[in-house]
């Protein structure tokens, strides 16, 4: 009973992730295709590549995991299991590689915005290498069992154990391809985002409070010195009072502008800090458990408990298909403007249709009223004519 509830809950979460991932990633790709100037950017091209990958994960990998959970023991399960391991390997390697590419792109924008290293040609070459590496990781389980050498999956590579689906594959050495790229991507993200925050003068830990206090004290001192200077100049020479007032007003306006720019810059830094923290924590939270479990499986071998845990950790890993559009697409101001403009057009079109419908309904009602009045008037006129004829 516990196994059945576990399978049902995992299936429900997977279906929810598939629906949300498909809708969000398709929305992002449609918005990018509708706005042609967004595709010309290198950063947007790399981000679109990640959303295409998430679509493939939602279409191919998640449904196959659902089949693996619900499929009973029968013919053809070995081949399906091999395909599932290949899809999981593809998803893990491709996600880590694409996240690493986006991290490199953001580092290039933040540290050297004027002289970028990642040009359009280099970005296309990088994406080609990522897809080649992902396809190779997909083929590793098939090569491991000799799928292309013999006919089908090698039956000696399948080990039957007592788990909910009554079978499990012994193909777990291909997990070696998933572990190094995860740790490399995680370390690269930590180092790169630390350098990005350092380039933006963001100190981790203090979080601006100490610097803001110093800036406020300095601004207060400058305002007080400006006011004292203005008062002393007014005492010294009353004839030049209008000129002193003008200079003091200009100084105050300049200080307010400087404080506004400083506040906007600090808000921008806080936003970058929060987004960097969310991006790193999301990737680590989703993919660290299954990576550590892969290490455990490689060291001790598969078991019934590790199979249950691996299915649950796969649900966590597939959660990146929902988080990626929220972190990399919908937080961009240009895409937000495109989405708002499209929504306004849809709302205005609906409003126009309702208005036209109301006008048509109003015209129909007025015509009906006129017809009713005309119908009431016709018998009255007939009766008056008859009365006139009788009188004559």
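Cβ atoms are placed via backbone N, Cα and C, with glycine included.
Taken from TrEMBL as is:
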TRANSMEM  12-34  transmembrane segment
DOMAIN    24-328  domain 'G-protein coupled receptors family 1 profile'
TRANSMEM  46-71  transmembrane segment
TRANSMEM  83-104  transmembrane segment
TRANSMEM  124-151  transmembrane segment
TRANSMEM  171-194  transmembrane segment
TRANSMEM  275-297  transmembrane segment
TRANSMEM  309-330  transmembrane segment
REGION    367-392  region 'Disordered'
COMPBIAS  375-392  compositional bias 'Basic and acidic residues'
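Sequence-remote contacts of a segment are chain residues at least 6 beyond its ends whose Cβ falls under 8 Å from one of its Cβ atoms, and for the transmembrane segment (171-194) they are 81-82, 85, 89, 92-93, 96-97, 99-100, 103-104, 106-107, 137, 140-141, 144-145, 157, 204, 276, 279-280, 283-284, 287-288, 291, 294-295, 297-298, 301-302. Contact between the transmembrane segment (275-297) and the transmembrane segment (46-71) is absent: fewer than three CB pairs lie under 8 Å, with pairs separated by 6 or more positions in sequence.
Below 8 angstroms of C-beta separation, residues 43, 46-47, 49-50, 53, 57, 60-61, 64-65, 67-68, 118, 126-127, 130-131, 133-135, 137-142, 169, 171, 174-175, 177-178, 181-182, 184-185, 188-189, 192-193, 283, 287, 290-291, 314, 317-318, 320, 328 of the same chain, each at least six residues beyond the ends of the transmembrane segment (83-104), sit close to that stretch.
Sequence-remote contacts of a segment are chain residues at least 6 beyond its ends whose Cβ falls under 8 Å from one of its Cβ atoms, and for the transmembrane segment (309-330) they are 10, 13-14, 17, 20-21, 24-25, 27-28, 31, 47, 50-51, 54, 57-58, 61-62, 65, 68-69, 88, 91-92, 95, 102, 275, 278-279, 282-283, 285-287, 289-290, 293, 297, 336, 339.
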